Amino acid sequence: NLFGNNSYVYYYQSAFRPPNGWHLHGGAYEVVNVSTESSNAGTTECTAGAIYWSKNFSAASVAMTAPQNGMLWSTAQFCTAHCNFTDFVVFVTHCYKSASGSCPLTGLIPQYHIRISAMKNSSLFYNLTVAVTKYPRFKSLQCVNNMTSVYLNGDLVFTSNETKDVSAAGVHFKAGGPITYKVMREVKALAYFVNGTAQDVILCDGSPTGLLACQYNTGNFSDGFYPFTNSSLVKEKFIVYRESSVNTTLDVTNFTFSNVSNATPNTGGVHTIQLYQTSTAQSGYYNFNFSFLSSFIYKESDYMYGSYHPSCKFRLETINNGLXFNPLSVSLGYGPIQGGCKQSVFENRATCCYAYSYNGPPLCKGVYRGELTKSFECGLLVFVTKTDGSRIQTRNEPFTLTQHNYNNITLDRCVEYNIYGRVGQGFITNVTNYAINYNYLADGGMAILDTSGAIDIFVVQGEYGLNYYKVNPCEDVNQQFVVSGGKLVGILTSRNETGSQPLENQFYIKIINGTRRSRR
């Protein structure tokens, strides 16, 4: 039934006429996701004869249903519905318009008729024109991967020899909605046939009823116990940590600079300023030690004179205050305070330049044309080459990260675990109520191991005290379904699951709705 959001549909080929009885067969599609849409035509009407609206999927089947009364084949309500199988598109539309630009995909369609078409690489390769007397209103379009089948109002209107998942689908409409999109997964089904017609269907969907029926290949059971196996698909993983928090101290690389006492003056121009103690940061945390600058005098920027660092909003004394960079390189040089910094930045020797005076001799040559042979006061020039980013960060002290660990333990299903460093698969149950009165895990122990070395019982400190958990095998070889009065009423298992009741040396889990699925 396409109109039930928690429902399923079952298709079988008309040539499939098995003998009377139960038969395991493909062709069932179960709803796994539902969404609705009220309208997607922004103008006074939708555009017929064209595909204007689509939603992306990756599904075995997608069903698009209108309200049960259906929608009129009119641009005031419904225009086009389509199924996209990646390589080609199947769509149903109408278009009784002759104006220029109308019906771009189909051309004029006769009045009171609809068109079912298939298109590949912008070329139509299938066309079927049907009178609306057969389909008075649009009610549903379902796209199915098996043989790329398309069903209009429940009738098969297109199929091919390919099987492909649905990649997109949509309904373009103005009113009469909402349209409900149902994404479906393919499951096997056990169907009961009478005279070649399916009368009853049980989905092999992992539910208790599906497990029982599809394993025994029948839907009719007398009262009794029925052993069964169920291979669990592990989808979840959790970690139980030894410590509630872990502190990690990150290394800080230190670059310490010092005065160069035997530095030679430049001989004219910035390219003759020799570089010393070049230090380049790659990534991580860094500290730049310029303590020797305390005996130098910082020179502010004054036109050609002094420092020049408009691209660096910091002084060297504050470079360690958590600043972030991508590449960062620092060098020392000795050159003229007059023009040495500004011209070095202009000629791309550095991004920024900081000038310091130490009352040096006037032995440095000029850096500008016409001043290359003139002598100026020598000073200390600190060159910084950088771009902003996040790979490098400066720090005044080592940096400590604190990681807080939270133990979110997944119960009552097969999971992958990492418990205090031991890994494996298991079915975890809470046994605190059974272990609280016994001397489990004495002397501060955290886990009890079985003979194979795997974890059997482990303890976790909870908000209100210690909690004990048992690791069971994912597959219970002793589990049995219980049938009473022809209905599935419970499960006998050797595992103490949440909500189970002790029954001698086993546990009983009651099934509230154990009746088999019936055809809707």
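Heads up, the Cβ atoms here are built off N, Cα and C, so glycines get one too.
On the 0 to 100 pLDDT scale, the topological domain 'Extracellular' (1-520) averages 84 in the predicted structure. Annotated topological domain 'Extracellular' per Swiss-Prot: 1-520, in sequence order, evidence recorded as sequence analysis.
Residues or ranges marked as N-linked glycosylation site by Swiss-Prot: Asn5 (among others).
The annotation N-linked glycosylation site is assigned in Swiss-Prot to Asn33 (among others) on the grounds of sequence analysis. When Cβ atoms from all protein chains are considered, those within 10 Å of Asn33 (N-linked glycosylation site) total 13, not counting its own.
Annotation note: Asn146 (N-linked glycosylation site) sits in a helical segment as assigned by DSSP. The annotation N-linked glycosylation site is assigned in Swiss-Prot to Asn146 (among others).
In the three-state DSSP assignment, the secondary structure recorded for Asn195 (N-linked glycosylation site) is coil. The feature N-linked glycosylation site is assigned by Swiss-Prot to Asn195 (among others), with sequence analysis given as support.
Look at Swiss-Prot and you will find Asn220 (among others) tagged as N-linked glycosylation site, backed by sequence analysis. When secondary structure is read from DSSP and collapsed to three states, Asn220 (N-linked glycosylation site) falls in the coil class. Long-range Cβ contacts of Asn220 (N-linked glycosylation site) within its own chain (separation 6+, distance under 8 Å): Trp22, Gly486.
The N-linked glycosylation site annotation in Swiss-Prot covers Asn230 (among others) and rests on sequence analysis.
Residues annotated as N-linked glycosylation site in Swiss-Prot, with sequence analysis given as evidence: Asn247 (among others).
All protein chains included, Asn289 (N-linked glycosylation site) registers 12 other Cβ atoms within 10 Å of its own Cβ. Residues or ranges marked as N-linked glycosylation site by Swiss-Prot on the basis of sequence analysis: Asn289 (among others).
Reduced to three states, the DSSP call for Asn408 (N-linked glycosylation site) is coil. The feature N-linked glycosylation site is assigned by Swiss-Prot to Asn408 (among others).
Residues or ranges marked as N-linked glycosylation site by Swiss-Prot on the basis of sequence analysis: Asn430 (among others). Of all Cβ atoms in the protein chains displayed, 17 besides its own lie within 10 Å of the Cβ of Asn430 (N-linked glycosylation site). Asn430 (N-linked glycosylation site) falls within a strand when secondary structure is assigned with DSSP.
Residues or ranges marked as N-linked glycosylation site by Swiss-Prot on the basis of sequence analysis: Asn496 (among others).
Residues annotated as N-linked glycosylation site in Swiss-Prot, with sequence analysis given as evidence: Asn513 (among others).
Summary for the glycosylation sites Asn146, Asn195, Asn408: the Cβ-based neighbour count within 10 Å is maximal at Asn146.
For the pair Asn33 (N-linked glycosylation site) and Asn408 (N-linked glycosylation site), the Cα-Cα distance reads 27 Å. If you compare Cα positions, Asn408 (N-linked glycosylation site) sits closest to Asn430 out of the glycosylation sites Asn146, Asn195, Asn289, Asn430.
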